[in-house]
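Colleague: In case it's useful when we look at the structure, here is the feature table from Swiss-Prot:
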type	residues	note
MOTIF	58-68	motif ''HIGH' region'
BINDING	Glu559	L-isoleucyl-5'-AMP binding site
MOTIF	600-604	motif ''KMSKS' region'
BINDING	Lys603	ATP binding site
BINDING	Cys894, Cys897, Cys914, Cys917	Zn(2+) binding site
Amino acid sequence: MAEYKDTLNLPNTSFPMKASLSVREPEMLADWQAKGIYQKIRKARVGSKRFILHDGPPYANGHLHCGHALNKILKDIIIKSKTFSGFDAPFVPGWDCHGLPIELNVEKKVGKAGSKISPREFRAKCREYAASQIDIQRDEFQRLGVLGDWYNPYVTMDYHYEANIVRALGLMIKNGHLQQGFKPVHWCIDCGSALAEAEVDYEDKTSPSIDVAFSAVNPSEFLNCFETQPAVKPLILPIWTTTPWTLPANEAVCLHPEIDYALIDAGNSYYIVATDLVESVMARYGISHYKTSGSAKGRVFEHFKLQHPFYKRQVPVVLAEHVTTESGTGCVHTAPAHGPDDYLVGQSYQLPLINPVMANGCFAENVELFAGISVLKANETILAVLSERNVLLASESIRHSYPHCWRHKSPMIFLATPQWFISMDKSNLRQAIINEIDKVNWVPDWGKARISNMVENRPDWCISRQRSWGTPMPLFVHKTTRELHPDTLELIERVAVMIEKSGIDAWFDLDSSELLGDDAKHYDKITDTMDVWLDSGISHYSVLKHNNDLDFPADVYFEGSDQHRGWFNSSLTTAVAMYGVAPYKTVLTHGYTVDAEGKKLSKSKGNYVALDKLVNQHGADILRLWVASTDYRHEVSISEEIIKRNADAYRRIRNTARFLLANLFDFNPASDCIEAKELLELDRWALKRCQLLQEEIITAYENYHFHLIYQKIHNFCAVDMGSFYLDLIKDRQYTTAKDSIARRSCQTAMYHMVKAFTIWLAPILSFTAEEIWQTIPGNNSESIFIEHWYDAWPIIDAVNMEDWEQLHIVRDEVNKALEETRQRGEIGSALAAEVTVYADAKALPKLTRLGEELRFLFITSEAKACPISQSPKGLAVTDCGVSIQVTASAHEKCARCWHRREDVGQNQEHPELCLRCVGNISGYHEERLYI
């Protein structure tokens, strides 16, 4: 064989089998940056239709995790696929830079603002810290192969962006959406600030569950509402609560106007309880002997007076729709300072809005019985007071979902404080937002219901914060009337110009007289900062409307499912409040990253997968393949085992590319491509299969179904290529003459296929696709990412794809029969066999048409097809209607092609070869038509 090896066209390529991604990827990334590939992509698409995917800004704090990678890689896949589709698809990344997490990190180093360091110096340190985090995250995002305008990002702490936040506030004021109020808001005691809905996490917490007696001041007026005219004795409306610390702020007991309430005679006293809850309430109180003495609707008790359980004041019975009979008593403790429903009821009944709790979470000094006690520790004291006064009817502990600060993970409270709000209803904003939601394409479609529900039920948006590091609310309010200055809109623009020049310190350093002159003595300067969700939420204004390379509205916003209450919501609210339209056409949502069992990733649980470790060990392309392989619309599982499975799939893809490249080692597309009419039928089939598959892949990219692309490409490599086409062409590629039509035919097909295949891969396996691209013969563009979807296909005459599908099926059955024969020890390789296929009338013509080339379909030394009627008795018929007979060949093995042929040894000059091989090495070009 040694003397004939040099006569074979054996594959040869510089494209390595071992990927070594952790080494090659950084080198390629450096090359992209040195060549300015992103800028060249933009230049290549100048004048094309734009596609804008607007990046939701990650928070500039800490290293990236797998959730960041999932999000940015998905976006990158979209941007690159749209670029291949001919769009001008710029990607401008962003960062969210103000807010508490950065403050906390800076506090650890320099102390709190105003104590060890001045607020101005503190803000400078925050800015410095955020900038350092952006540098870290920028490098980590780029390492993932994400292309974008990384050195011209939008950054919410940039002076021009801060100025635009202020201008956005001005627009919302102009449109009548801002109002100030003393309202209950989510308050984090550790933060010392109000928080938005998006900054609240719900976690399980153990709380006291108590029932408290509110006694009727005048039992008769209650009893007179019942037709039974019961005898007069003490009467109690019991309330149930899990927040005893709010009882000092109680101003009413709330009933539902249309719920039926039962009058329960328990002997010494009456109870009024929702009829549906009587049994559970009496059981809780340990009262077994009682009777129902009447029933009445809740509305009949309106305005009747009750005695506060431990203060001298009397409180009214009020009515509201939020009362239910799901739990409790049907009588709801109402503290307007400590809950949004309570507040609304208080407003409608003009109840006192008295807040006994200070910003530090302690009761004020004038609060009787509980002065100075932290509300988080007050429950025990309050229960003791209730017991002393014999008004504690029941007490136990309950495990329930409770709001916690997203940053501190500590329980939050509702606290009435002076704040600024975007009113959801004042200028019909809520309905306008709901109308816009209907115009947006939500993917998955459940996103529409989710955000609609949030908008319908959300309270007014508290946008003010009592923090140092944030964009200021540049407002002046009258010292007496508390009204905004009449020139507020003009003043806001003047401040915006100042901030654009000097940053937010321009406001904090400002002396009011500089803007107001003599008016300054009548106005207070507001020192609150704005909610960071407003910062990122107005990116549609500061970025999409102010960057000439972008458009408004964006084609796509794409973030995790938590952003329905976060960035999707704040962006929608601000855009509608500012100019009446949604900022996006389509909203895509992906799930959270979880472990293989669907559990949240956590360092403490030991299931955390470190992103940097994955990238350094496996390479970014393996991570990108993991992203593409999952249906991101659900939770996305990741683990070392899952990544290893993706690495295995990657190797199959890489090996397919390597095989194609290795067989093009002597191919010059400019001179060696043959005309379409000369292509062998198998090669025409392969090219047609690729064209059809490309259409499916492009459609999947357009529909953002990346997991389908992964499946299609993997199947293409494993089935269409690995077990069929590439297997069949080896004999022709290796043994026929170098410049023969037969060989150049499959090389022509492989050339077109590898170019198309590489572009299919590029949005997902970006580094590997570029590596393949640089190895493909011919004059190729500087980078694959400047290309379009492949369209230089040969014009192919009709190929009967169904016939080839049938041939593929029969081949699979023959392979099974060969394997069974091999297992019995009758043959070694398939080339040691001769096969007879007995086929039905449908399959037979497809097989006999191939003639002598049928053996190349099965890769056996001999093959023939006969009518199934000639099948030997006892030979099984397969599901595809054929019977297969395998026998060991009795002929000698050709030393060059390894086929066992009758004519081996008939040529005296080459006695070890079959006559086909003799011809191929002697200048005779073997003719093939099909395979």
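Glycine residues also receive a Cβ, built from the backbone N, Cα and C atoms like all the rest.
On this model, are these features tucked inside or out on the surface, and what's nearby?
Modeller: Note on the motif ''HIGH' region' (58-68): DSSP counts are 3 helix, 1 strand, 7 coil.
Under the three-state DSSP scheme, Glu559 (L-isoleucyl-5'-AMP binding site) falls in the strand class.
Tertiary proximity for the motif ''KMSKS' region' (600-604) is limited to same-chain residues at least six positions away from its ends with a CB under 8 Å from its CB atoms, namely 65-66, 592-594, 638.
For Lys603 (ATP binding site), no same-chain residue lying six or more positions away in sequence has a CB closer than 8 A to its CB.
Counting Cβ atoms from all protein chains shown, Cys897 (Zn(2+) binding site) has 22 others lying within 10 Å of its own Cβ.
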Colleague: By CA distance, which of the binding-site residues (Cys894, Cys897, Cys914) lies nearest to Glu559 (L-isoleucyl-5'-AMP binding site)?
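Modeller: Nearest by Cα distance to Glu559 (L-isoleucyl-5'-AMP binding site): Cys897.
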Colleague: Show which residues of the chain containing Cys894 (Zn(2+) binding site), separated from it by at least 6 in sequence, have their CB under 8 Å from its CB.
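Modeller: For Cys894 (Zn(2+) binding site), the qualifying residues are Arg900, Arg901, Val904, Glu912, Leu913, Cys914, Arg916, Cys917.
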Colleague: As a quick check of your reading of DSSP, tell me how many residues in the motif ''KMSKS' region' (600-604) are helical, how many are strand and how many are coil.
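Modeller: Final tally across the stretch: 0 helix, 1 strand, 4 coil.
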Colleague: Within the same chain, and leaving aside Cys894, Cys897, Cys914, Cys917, name every residue whose CB is within 8 angstroms of the centroid of the CB atoms belonging to the recorded Zn(2+) site, in sequence order.
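Modeller: Once Cys894, Cys897, Cys914, Cys917 are set aside, the remaining close residues are Thr735, Ala895, Arg896, Trp898, His899, Arg901, Val904, Leu913, Leu915, Arg916, Val918.
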